[in-house]
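What follows is one structure encoded as structure tokens, with my remarks underneath.
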Amino acid sequence: MKRISLTQYLIEEQRLHNNIPAELRLLLEVVARACKTISHAVGKGALGEVLGTAQSENVQGEVQKKLDIISNDILLEANEWGGHLAAMASEEMETIHPIPNRYPMGEYLLLFDPLDGSSNIDVNVSIGTIFSVLKAADGMESPSEADFLQPGSKQVVAGYAVYGPQTVLVLTTGNGVQCFTLDREMGSWVMTQRNMQIPADTKEFAINASNARHWHPPVKRYVDEMLAGSTGPRAKDFNMRWIASMVADVHRILNRGGIFMYPADAREPDKPGKLRLMYEANPMAFIVEQAGGAATDGQQRILDIQPEKLHQRVPVFLGSKNEVELVTSYHKAK
Ligand code: AHG
Ligand code: MN
Ligand code: MN
Ligand code: MN
């Protein structure tokens, strides 16, 4: 089989489909290279002294793992000097990171969750990186947080890497979803899946069931009906998976269908879920929609939400279209 590298794929997207400008292609190459570096650090584990926690908290009050910080630094350093970006933002940084004056400023904005699934780092379970690219407004002189607050439908690229048994990179430039596997010997990304499609129906769901007592009635109803199995209202048996790394759960759904949920719940007093809109929900929603699936916050399409804050949280229901539509209809019916 002919091997298509990430570079060839991106050049052909630019040349044949006129889908991405050269600047964006080069930016993607840099992000992919940074993911390769993170994969390498992750793979060393205890031998590279990268496991365990750091002595710090991020802006969301989470204790940072060493790899959260290492991955953030790798992405910052790789992307600072290329001339394609105006600024970056990350789960691990309170506010935006403008490109330093010593480098030229480009027209794109990059957002990332440098290391997704932090609780899995030390136990050798799949983790990943999520990223999203936006275009800065024309004529923008010095970027501010407000420049990032664009709805997800404005994303020009979204992607994630999974550092698991294999390292894979999944991305969309708005023309379907492709998967590349890292060839560790050659150091290159090789296309292994073209046009990934999520089946519209599924018998598998993903939710952290330990929060069940806090769920709002629509979520409780939806999950209870699945748990009732073949003799219940859904008339079929469902299976459950929860990895606690969104990247790994979403990757499974892209490959064999399923629904992933991190709902709002009745805590404090109305917790909007856990996941962050700008660098978790939006990029994943873009990818899932490009693969024929759906993504809502229970009420509306995630990609239509007008962000108000960089680190804002949002309820997430994404994956197989018919299931996402069903749980969304339960929210609307309440
Ligand atoms: P992060 O490690 O980037 O902070 O994100 C973790 C997220 C997501 O990956 C996962 O789906 C979810 O947190 C797991 O949450 P619980 O620990 O509540 O199950
Ligand atoms: Mn975190
Ligand atoms: Mn995350
Ligand atoms: Mn993270």
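The backbone N, Cα and C atoms fix where each Cβ goes, glycine too.
Remember, it's a predicted structure, so these values are computed and weren't measured experimentally.
Feature annotation from TrEMBL assigns Mg(2+) 1 binding site to Glu91, Asp113, Leu115. If you take the C-beta of Asp113 (Mg(2+) 1 binding site) and look for same-chain residues 6 or more apart in sequence within under 8 angstroms, you find Ser90, Glu91, Thr129, Ile130, Phe131, Arg276, Tyr279, Glu280.
Look at Asp116 (Mg(2+) 2 binding site): DSSP puts it in a strand. In the structure as shown, the Cβ atom of Asp116 (Mg(2+) 2 binding site) sits within 10 Å of 29 other Cβ atoms. Under the heading Mg(2+) 2 binding site, TrEMBL lists Asp113, Asp116, Glu280.
All protein chains shown were included, and the count of other CB atoms within 10 Å of the CB of Lys274 (substrate binding site) stands at 18. Lys274 (substrate binding site) carries neither a helix nor a strand DSSP state and counts as coil. Positions annotated as substrate binding site by TrEMBL: Asp116, Gly117, Ser118, Ser119, Asn208, Lys274.
Per TrEMBL, the feature domain 'Fructose-1-6-bisphosphatase class I N-terminal' maps to 5-193.
Annotation comment: TrEMBL describes 198-331 as domain 'Fructose-1-6-bisphosphatase class 1 C-terminal'.
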Using DSSP, tally how many residues of the domain 'Fructose-1-6-bisphosphatase class 1 C-terminal' (198-331) sit in helix, strand and coil.
59 helix, 22 strand, 53 coil
Under 6 Å from ligand 3 by Cβ, which binding-site residues from Asp113, Asp116, Ser119, Glu280?
Asp113, Asp116, Glu280
